[in-house]
Amino acid sequence: MSIFRVWAPLAKSVAVVTRDPDDPEGQDEVLDLVGAPDGWWSGDVAAAGHGTDYAFRLDGTDEELPDPRSPWQPYGVHGRSRVVEHVRFAWTDHGWRGVPLAGGVLYELHVGTFTPEGTFDAAIDRLDHLVRLGVDAVELLPVNAFPGRHGWGYDGVGLYATHDPYGGPEGLKRFVDAAHAHGIGVVLDVVYNHLGPDGNYLGRFGPYFTDRYTTPWGSAVNLDDSGSDEVRAFIVENALMWLRDYHCDGLRVDAVHALRDSRATHVLEELTTGVHRLGAHQRRPLFLVAESDLNDPRMISPAQAGGLGMDGQWADDVHHALWAALSGERQGYYVDFGSLATLAKAFTSGFVHDGTYSTFRGHSHGRPMPASVPASRLVTFLQDHDQVGNRATGDRAAATLSDGLLRIGAALLLTGPFTPMLFMGEEWGATTPWAYFTDHVTDWLADAVRTGRRAEFAAHGWGPEEVPDPQAEETFTRSRLDWSQPSAEPHHGLLGWYQRLIALRHTMAELTDPDWSSVRCAYDEDARWFVLYRGGPADAVAVVCNLGPDRQSIPVGWPGDGGPDYVRKTGPDHVGKTGPDHVGKPGPDHVGKTGPDHSGTGGPGQRGRPAGAVLEPLAVSRPGFDAWPGSVEADGESVVIGRLRPRE
């Protein structure tokens with residue numbers, strides 16, 4: 001027997017139609033549900049159970065609508081729903097105790113393009129690769145039901161259903177179970193700020209949306225208008241379902257700045273409270289990571305301190321600073337990035353724009369990061385699905401950067417104080433593009449997406465024939481990873497470099513220390529060298545990067561203790577002061593600051609390694625370096641990681 005329930009406060013009557021898909025002689029059964037004053041309708045169907053197909057009919061019509069909380073849409077987002085009894089799955093991960101966000105390495109993965117088959121089961125066969133790489137958790141792009149066979153998943157409409165072409169609910173459970181058996185956690189990307197336009201029936205059932213606000217992607221979700229209690233519960237219970245019924249370890253919540261909520265308790269705080277309660281009950285860490293472009297540390301501050309209590313958030317400023325410094329790109333939102341001063345501020349403060357003027361936005365942006373917020377709450381990356389897929393052709397970093405610069409980028413990413421995340425294929429310098437692709441079955445929507453994409457890039461000088469058609473099958477198939485690359489050079493060598501860096505991160509406490517005081521930087525804008533220091537003056541680890549083309553000598557030594565100053569030669573782009581004419585320029589009170597409330601010049605009790613300390617190498621991207629007392633001589637576009645030892 002199954003109990004069918006649906007919230008439909010706008011309906012005058014609701015019926016459920018059921019059928020056994022395995023019975024060729026079976027007939028539809030229709031049951032009128034009983035309504036309650038709170039807008040919920042319910043009824044029991046004795047013959048229904050796991051695998052039964054069903055749909056709802058509203059107000060006496062014959063039109064069938066999928067369940068807003070459907071766990072499975074085997075016929076697509078417009079078809080009937082199917083009952084799933086989660087308790088039937090035979091889990092084997094009983095000993096799994098979870099994986100914390102802090103100290104880990106994430107790996108962002110799109111199921112549809114990770115393997116040629118594009119399924120959960122095919123992804124299971126590649127888990128051994130991830131074990132050898134050393135990552136701690138995979139972060140899956142949205143896997144809830146969306147229209148068509150393939151897409152990024154951010155236009156989903158069945159928030160409770162698992163995308164059937166990937167393998168449906170059972171496929172996801174098999175993947176999570178297998179990942180846990182390999183010692184790898186699973187994080188899901190979820191989208192609560194909007195739904196896609198194709199297959200979105202929620203508004204037919206109740207006030208799920210509001211016209212009080214707008215979003216770039218469609219109607220805003222109703223979080224603070226009439227009827228919003230049930231909408232908020234719909235979101236919170238969805239999050240708990242993925243963690244409880246699918247055994248996932250965390251969620252990445254898409255574009256939380258578009259969750260417009262004026263109520264006293266923000267929906268994110270409500271969501272965080274529910275997730276942490278579940279984690280306490282299950283005795284394993286469950287975490288929530290926000291995608292936010294607000295540069296507001298309150299997102300990851302405890303509720304008791306006036307924050308929203310999220311466990312982490314993506315740090316776009318770190319990506320922008322790192323990518324612009326490596327690639328030289330300055331267009332769009334990279335306009336305020338590119339200098340080594342900006343890179344230093346990103347690594348020592350988390351936010352470059354922490355109240356400073358943003359040229360791209362045309363106003364001041366962000367607020368300072370308190371020293372009390374651990375740096376590990378910021379998820380950082382050199383590449384991710386947005387930064388690759390939202391380029392005109394979906395070209396990856398390997399299409400722009402040399403092997404040497406790729407290795408420098410990886411070294412800085414994986415030795416920083418943050419929680420690093422890789423994008424699938426990054427570890428071997430994949431040259432396959434990852435473009436924006438869709439499979440909309442509605443002609444008007446397909447045309448709108450195609451036209452809009454080309455118009456967007458036409459404004460930046462791209463011709464329509466240069467921008468891949470999102471609807472073309474080739475755009476999707478070309479975005480699949482080529483698994484022959486990791487065993488061939490130069491990919492194999494880069495893969496080994498990533499493995500070495502992750503192994504260092506896992507074995508050296510200095511590299512996972514989230515305390516802002518454990519991070520110092522030194523650099524020379526003109527000579528194009530940059531040194532990231534981790535740990536402290538008595539146990540310093542130095543990441544010495546020569547971003548220039550030629551071999552040069554780079555001074556090393558804990559900043560403030562006779563070593564190189566935090567700010568050496570500075571070019572036209574600096575960090576600190578506000579105003580359109582002073583993007584990031586440091587004033588007298590900012591020179592030498594290396595983090596929230598921390599001076600980069602050292603202070604009393606900061607005496608440590610002498611200027612003549614020698615770098616003892618731990619990882620070298622290119623042979624041929626020389627370490628001298630107080631300096632390292634390194635080839636162009638190379639990086640040396642080592643521990644500073646006192647001169648004998």
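Note: Cβ is positioned from N, Cα and C throughout, glycine not excepted.
Unlike curated records, TrEMBL annotations are generated automatically.
Feature annotations, reproduced from TrEMBL:
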DOMAIN    88-480  domain 'Glycosyl hydrolase family 13 catalytic'
BINDING   252-257, 316-320, 385-390  substrate binding site
ACT_SITE  Asp254  active site, nucleophile
ACT_SITE  Glu291  active site, proton donor
SITE      Asp386  site 'Transition state stabilizer'
REGION    570-612  region 'Disordered'
COMPBIAS  570-596  compositional bias 'Basic and acidic residues'
Requested in this report: Please report the number of other Cβ atoms within 10 Å of the Cβ of His319 (substrate binding site).
Outcome: 23
Report task. Measuring C-alpha to C-alpha, could you say which of the recorded positions Glu291, Asp316, His319, Asp386 are within 10 Å of the residue listed as 'active site, nucleophile'? Result -> Glu291
Query raised in the report: If you count other Cβ atoms within 10 Å of each one's Cβ, which of the recorded positions Asp254, Glu291, Asp386 has the most?
Result: Asp254
Query raised in the report: To what whole number does the mean pLDDT across the domain 'Glycosyl hydrolase family 13 catalytic' (88-480) round?
Result: 96
Report task. Can you tell me which binding-site residues out of Asp316, His319, Asp386 are within 10 A of Glu291 (active site, proton donor) by Cα, answering none if there aren't any? Result -> Asp316
Query raised in the report: Counting only residues 6+ apart in the same chain, whose Cβ is under 8 Å from the Cβ of Gly389 (substrate binding site)?
Result: Trp152, Trp434, Ala435, Tyr436
Query raised in the report: Just how many other Cβ atoms lie inside 10 Å of the Cβ on Asp316 (substrate binding site)?
Result: 23
Report summary line: Residues near Ala255 (substrate binding site) by Cβ (under 8 Å) yet at least 6 apart in sequence within the same chain, in sequence order, are Val191, Asn193, Glu291, Ser292
Requested in this report: Using Cβ-Cβ distances, find the residues under 8 Å from Arg252 (substrate binding site) that belong to the same chain and are at least 6 apart in sequence, listing them in sequence order.
Outcome: Glu139, Val187, Leu188, Asp189, Val190, Leu288, Val289, Ala290, Glu291, Trp314
